[in-house]
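For B:T153, B:K179, B:T190, B:E273, B:N397, B:S402, the entry in TrEMBL reads substrate binding site. What TrEMBL records for B:T190 is active site, nucleophile.
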Number of protein chains: 2
Amino acid sequence: MAVGPENFPLMPAIAGVRLGTAKAGVKKPGRRDLVVIEVPNGASVAATFTRNAFCAAPVHVARDHLGQTAPRYLLINTGNANAGTGARGRQDAESCCTALADLAGIDSQQVMPFSTGVIGEPLPVEKIAAGLPEALAALAEDQWEAAAEGIMTTDTRIKGATTQVELSGGVVTINGISKGSGMIQPNMATMLGFVACDADIAPDTLQQWLREAVSVSFNAITVDSDTSTNDACTLIATGKGPTITAGEDEQRFRHALTGVLTELAQAIIRDGEGATKFVTLQVEQARTVEEARAVAFTVAHSPLVKTALYASDANWGRILAAVGRAPVDSLDVDRVVIDLGEVRLVEQGGRAESYTEEAGARVMAREEITIRIELGRGDASATVWTSDLSHDYVSINADYRS
Amino acid sequence: MAVGPENFPLMPAIAGVRLGTAKAGVKKPGRRDLVVIEVPNGASVAATFTRNAFCAAPVHVARDHLGQTAPRYLLINTGNANAGTGARGRQDAESCCTALADLAGIDSQQVMPFSTGVIGEPLPVEKIAAGLPEALAALAEDQWEAAAEGIMTTDTRIKGATTQVELSGGVVTINGISKGSGMIQPNMATMLGFVACDADIAPDTLQQWLREAVSVSFNAITVDSDTSTNDACTLIATGKGPTITAGEDEQRFRHALTGVLTELAQAIIRDGEGATKFVTLQVEQARTVEEARAVAFTVAHSPLVKTALYASDANWGRILAAVGRAPVDSLDVDRVVIDLGEVRLVEQGGRAESYTEEAGARVMAREEITIRIELGRGDASATVWTSDLSHDYVSINADYRS
């Protein structure tokens, strides 16, 4: 199940960024499960990684490699997360990097590894190494869709976003792909996101812009509150296109970048495990952004709110109870306002005078629902996106060994 | 569904504590939905209430009344929570207290009101008032089981616990009843718990002992992380039995009190909505108790861990990922140990060498499961109890308007 129409965009080429896939049989044969992304010489690369303390071996290795030198290849496998694998896991991730480096004639530190899939099984290094020639032979600039398919696990849809923005020095193209469906509350990144553009941006600047864009996109979504061990989001700037100058150009570019990341993040929610609803939580009039986010995530994680959304039941009492238990000091409930779409649910500590069950039911019947919460104590705000909790969510996670 | 055998104990009378029930038709006719508990003159009463900012009208009123005078009656209705009802809700709760006070010839401040059920509907004061004579006529010291039935909502079982403890001044009896099944992560109390003993204890001391006992019993359980608007736990000490002297007597009494509260709290988890497993999370070697509790609740709330428990799948990767995302600064994963029952799952950052799928599956097949987590960074510990996340949980909460 997934929410809204499926829509993979036409992706223009980004000169020098080539993508290749292979069927390496990591977990099962016949699946496109290996992806190589080639980064041109001279490009800047930035990345954010999961904050899960048990972060996976490839996360350690990718972060180390990025700290040492400019990457030339991203190497991604599905079917095995290489997480919870201890010292051996790191060695396995290094071995995969070495195998690719040998074929490409580069240094192994120039490869950033990424894995997603089952936690705790040893990574089948031989299979991955054996699949690399096929992936390298397939490298081409028009393979974004194949790469998006190659990084899927429990996803039911391939996920991509693209935009072009006109700057003073010319047009910049931003392409991105992502994957993720369950174990989703990214903290610093998503399950996996790969974004590239042709602008000319220094690595430190790129890293800062990525971090800020991720905080309002990938870090503002949750399916089930379970931050993964393997989350990573990587941004490439090839440097072959325009330089980004401070001022209006920078603003336009960063707005476009945030737009692409948000679209990719929202695509993960639309394809959230068992999702039948796409829910936007807007919290306003908070004292701080952190407070606004805390309230939004408390509502987004409430199993009772999520099952009510699944049932299309305008059960505003559960939303009120979730807001009431959020970690906010001395909340004055008489100043809290809660709207469901265009319908006022709660004001002055209770159900709004104007509220009718019919009006609530009309909004709840929709596939896309916005819950707006005013806290009445400041001017900070935050937006978070989530899905509902359905029978399919339980079936998927009670059956699938992930 | 519920976990373990149903077992309501024989409750000895506690002199002066009389209980009466009636069918007032609060939500539906023919249900025992009104309970009155009479407290003898001279008794001490202590109570803890929900910390939900949107706490219900009866919570406000009960707290106010308890602060003003010694209670003589507890008045409990199910079928309507009188929560999210604003100023009118408080007035309605006061009206119910007045109705009872008039019949009993006492002051309305001497009545503590409690409500549980649907949030946001006006309380049917007339029906409750009309039911009071029947409840008062039924008052007797042997009606604990009827009262336990009278406070049920989505509960599938009546819940009670009793113990007797021998002190230097004689035997003290402690009786308790509770209700709760969903919207359960109490914060300062349970959905509803009523406990009485015949010891002689000053109100301030009683309040302190109750608070400490609640913190390791009702405040250590979670079904779905959703702290209710109506949680309340009340403890009566009639003063007709022995005085509790400091030292060994106090220790024995408080141990017995914590035991009764823990049994009542665990009964709520065994009857958790859709529960098929009763899960004990023991976190050890934490720096502080708060840290240990935070890790335990993170694992207890993980939908992926809860669905794996439902599936009897020893999916240790999900437990590891939940521990890794818990709010603990600079956790050294190499020192973390995770045991499932008697089977070691995780050590040195990954799957334990000795682990086999068969051993994990053997433990997971049980109805009662203990997950033990050593953090390797201190000597504080905490225990939390929870249930699994099943199809029935979704069905119950997608169908029932609570």
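The backbone N, Cα and C atoms fix where each Cβ goes, glycine too.
Among the binding-site residues B:T153, B:K179, B:E273, B:N397, the ones whose Cβ sits under 8 Å from a Cβ of chain A are, in sequence order, B:N397. Of the listed binding-site residues, namely B:T153, B:N397, the sparsest Cβ surroundings within 10 Å are found at B:T153. Counting every protein chain shown, the number of other Cβ atoms lying within 10 Å of the Cβ of B:E273 (substrate binding site) is 30. Taken residue by residue with DSSP, B:N397 (substrate binding site) is part of a helix. Using a 10 Å radius centred on the Cβ of B:K179 (substrate binding site) and all shown protein chains, the other Cβ atoms total 27.
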